[in-house]
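**Q** As annotated in TrEMBL:
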COMPBIAS  330-343  compositional bias 'Basic and acidic residues'
REGION    330-349  region 'Disordered'
REPEAT    9-50  repeat 'WD'
REPEAT    51-82  repeat 'WD'
REPEAT    93-134  repeat 'WD'
REPEAT    135-176  repeat 'WD'
REPEAT    177-218  repeat 'WD'
REPEAT    225-259  repeat 'WD'
REPEAT    260-292  repeat 'WD'
Amino acid sequence: EDPSLERHFKGHRDAVTSVDFSLNKKQLASGSMDSCLMIWSMKPQMRAYRFVGHKDAVMCVQFSPSGHLVASGSRDKTVRLWVPSVKGESVVFKAHTATVRSVHFSSDGQSLVTASDDKTIKVWMVHRQKFLFSLSQHINWVRCARFSPDGRLIVSASDDRTVKVWDKTSRECIHSFCEHGGFMNHVDFHPSGTCIAAAGTDNTVKVWDVRMNRLLQHYQGNAVVNSLSFHPSGNYLVTASNDSTLKILDLLEGRLLFTLHGHQGPATCVAFSAAGDLFASGGSDEQVMVWKTNFGAADYGDVLKTQKSDSSVDGTHHALVEMDCGVHLKKTKPQDSGRNHEQQEEETSLANTLEHIMGQLDVLTQTVSILEQRLTLTEDKLKECLENQQKIIQNKTS
């Protein structure tokens, strides 16, 4: 069944640059050249929030894994962390010296990676709002930077025509994919963490294996590709292009599955929800669209099932990784002959349970970080009290 347009959000006053779903799919965030960040409710008749604070175009937005925070990067050179509520309060991170093009949380929600026209990638500690370090080997604007699912690697795409893979611990560039065709607009990790996909101004999407550093797949389009997003199953990829289309690529088959027309003018950004049943897109036509996926539900169930049955055999979780390295090389169709209804229901409930567990974990992570924050505040206050006490004693003795 073809993907279908589900919702249509109008409210931005200039091109939309970025879209992202919260984990529970209750909210959708979008950034725009109009300097605003919008948070849309997925429930009908619920009002949208417009967050004002950036002094120039908002280039990128992302929800933290727990959904309690939204990060945004802007042409005003700052990164902001917002609490997505009525008040719309935010804290500002300042370290870049030019436009910030990309923000991305690590999957545990503890770190944030940002990329900028100042040619650097910066890593921050979220709850202490602390700058940690810079990665600076690119020799031109950096358009995109992403953490790997396990948080150990960072991948970045730059106008210097390279896609670089970095080791977060050693802070070194471990591989550079050189692109002669054009600039790379967007890059992201496959859910398995074993490969990356990059979208370019040479109208291509390329998928590379980051363990063997080799090209796995190459899709040639007929317009600049601005953005891409992997389906959580790892079997599909959605892209947004300058010819106003969204394209769904089937990575198992290595072919184009659907071409969707909705935007008037370039489609600038696209993102799947965490469950993969929805995806959102934004365009230079100021519109945000939400699409029902309508495909891949069975395959997604398969992935979860394979992972479950394998992990019960030897107690490890490498089933998914192994299956995924084969995914891109196989040219076979997913077996889906006459699957029964009960099986699908069982898989859906398994997917929901997993999503719920993930949500709970995120809440815990967030709670721990809030406690750490309070502890830091308490320590600071205590230090202040002791210092004041010392002063009083000194004054008395003198």
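Any Cβ shown, glycine's included, is placed from N, Cα and C.
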**Q** Taking DSSP states H, G and I as helix and E and B as strand, how many residues of the repeat 'WD' (135-176) are helix, strand and coil?
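**A** Result for the repeat 'WD' (135-176), in helix, strand, coil order: 0 helix, 24 strand, 18 coil.
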**Q** Where among 93-134, 225-259, 260-292 do we find the most Cβ pairs under 8 Å to the repeat 'WD' (9-50)?
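**A** By Cβ pairs under 8 Å, 260-292 leads among 93-134, 225-259, 260-292.
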**Q** With DSSP, how much of the repeat 'WD' (177-218) is helix, how much strand and how much coil, in residues?
**A** 0 helix, 25 strand, 17 coil
**Q** Of the listed stretches (93-134, 135-176, 225-259), which one yields the highest count of Cβ-Cβ distances below 8 Å with the repeat 'WD' (51-82)?
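**A** Stretch with the highest Cβ contact count: 93-134.
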**Q** Sequence-remote contacts (6 or more beyond its ends) of the repeat 'WD' (93-134), Cβ cut-off under 8 Å?
**A** 59-66, 69, 71-75, 77-81, 140-147, 149-151, 154, 156, 158, 166, 168, 171, 362, 365-366, 369-370, 372-373, 376
**Q** Take every residue in the repeat 'WD' (260-292), average their pLDDT values, and give the whole-number result.
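**A** 97, rounded to a whole number.
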**Q** Count up the helix, strand and coil residues in the repeat 'WD' (260-292) according to DSSP, in that order.
**A** 0 helix, 20 strand, 13 coil
**Q** Give the residue counts of the repeat 'WD' (225-259) per reduced DSSP state, in the order helix, strand, coil.
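**A** Going by DSSP assignments, the repeat 'WD' (225-259) contains 0 helix, 23 strand, 12 coil.
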